[in-house]
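Participant: Here's a structure for you.
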Amino acid sequence: MTRDTDTPGTKQPWKTLGQFLPFENADQRLWWEKTASLMNVHLRLTNYSLHSQYQHLLLFYSVVLPTLGPFPNKARSNLPWRANFNLDGVPLEFSVNYQQNSKCILRLDYDPVGLHAGTNADPTNEAAARLSLLKLKELEPAIDLAWHDHFDQTITLSNSQASSHWDRIMSQKLPFISQRWLALDLREESFLVKSYFSPLVKSAATGVDAAHIMFDSIRKLDHAVYFTAGLAKLKDWFSANRALLMDSEIFPGFDCNDPERARLKVYAGITSVSFCDVRNFWTLGGCLHGPEIETGFQIVRTMWQLLFPNKPRYDEKQDLFMDWNWELLPNNPNPVPKAYFGFHNDSDQHATDILAALFAHLNWTDHLDTHRKITQEAYPTCNLENTSHIVTWICIAYSAKSGPYITTYSNVTGHE
């Protein structure tokens, strides 16, 4: 199957690089053949320059590829470590951000897998994420590890700490043990690194609530004073709504750059939701209000109506996996909400139809054309009625400055 076809007299960058780059083992070559081709399709169709296509493919090859471990078999039975952002545990995810009157941005989520991750020698995959960050810092010296190191000390368990509580951790049958993962926003000729930490394992070991661990860690940040007002609103809302939230979806994320200007995000998730809940999450129970919040919520409302055209009651629960995050910016008293609608149990055809209707509502003809071309070229043999990996999430945000902000997520090995 050819995902990125050559035009006469040319060869796609991933093929050119793959012809000459050495691979340490067969798994790394297979990862390259299966996912660098997909990445190249995304880069080309979202209008990255040829120079940037080569640059980001080499970044993927040199930093991400060596951390992915075995290429997953169909049953995923050969994975030594399970990432938490894909339901099947695969440690790589692509997403495309679409914004009004702006170039699309390709992003990668990855969970670096250490050589002995998941074994007695490294039960918590302790060092792989930081080692990957150090490699990235060699390429981009502006990367700042201060927050990463802070959260690593305050949210996660080390191997030795986890080992002393291992029976208790295992008895709780957690959906994953992963505590640290990374993301790359690929800009034209540059990239931004983001880091994430899950308190789930520490909560299981200590009995302390995951939300408490997260907020206590944020409170101890050197720059926490920048987020005081917004953080207080989030803590109050979490306290009032904690019973709704999944332990596994509570975690912070942040930019690995200068803390004076870095964004801090707080995540939460829910598996059964009513439109009343959606309003509650988006506005933090009415704490967030004003034209910007209301304009963004109208897009969320449109998405809800597309998903549930039979117009269920305002308070009627629906079987829908939703994640949320609230972005905290230095000296901004109001968290900025994002809503993630899960499509893991829906066909890609249904998800694509919903996305098409949403883009039509926004008059995003060009962006819809881009998404369709990516789907056709990246997955030419997939029957969208029978697959559920090309669109796993649709994320909605809004700002007065940039307008609507829609992101689609893909499980890049879901078809294998």
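Using N, Cα and C of the backbone, Cβ positions are placed for all residues, glycine too.
TrEMBL lists these features:
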type	residues	note
BINDING	Glu93	L-tryptophan binding site
BINDING	Arg107, Lys194, Tyr196, Arg263, Lys265, Tyr267, Tyr340	dimethylallyl diphosphate binding site
Participant: Rounding to the nearest whole angstrom, report the longest C-alpha distance spanning Arg107, Lys194, Tyr196, Arg263, Lys265, Tyr267, Tyr340, listed for dimethylallyl diphosphate.
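Facilitator: Max Cα-Cα spread across the dimethylallyl diphosphate binders: 18 Å.
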Participant: Could you state the whole-number distance in Å separating the C-alpha atoms of Arg107 (dimethylallyl diphosphate binding site) and Glu93 (L-tryptophan binding site)?
Facilitator: 8
Participant: For Tyr196 (dimethylallyl diphosphate binding site), what residues in its own chain, 6 or more apart in sequence, show a Cβ-Cβ distance under 8 Å?
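Facilitator: Expected: Arg180, Trp181, Leu182, Ala183, Phe251, Pro252, Gly253.
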Participant: Let me check the 10 A CB neighbour count of Arg107 (dimethylallyl diphosphate binding site). How many other CB atoms are there?
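Facilitator: Result for Arg107 (dimethylallyl diphosphate binding site): 19 neighbouring Cβ atoms inside 10 Å.
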Participant: Counting across all protein chains present, how many other Cβ atoms fall within 10 Å of the Cβ of Arg263 (dimethylallyl diphosphate binding site)?
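Facilitator: Here the count is 17.
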Participant: Translate the DSSP assignment of Arg263 (dimethylallyl diphosphate binding site) into the three-state scheme.
Facilitator: coil
Participant: Using Cβ-Cβ distances, find the residues under 8 Å from the residue listed as 'L-tryptophan binding site' that belong to the same chain and are at least 6 apart in sequence, listing them in sequence order.
Facilitator: Ala83, Phe85, Asn86, Leu108, Asp109, Tyr110, Thr392, Tyr409, Ser410, Asn411, Val412
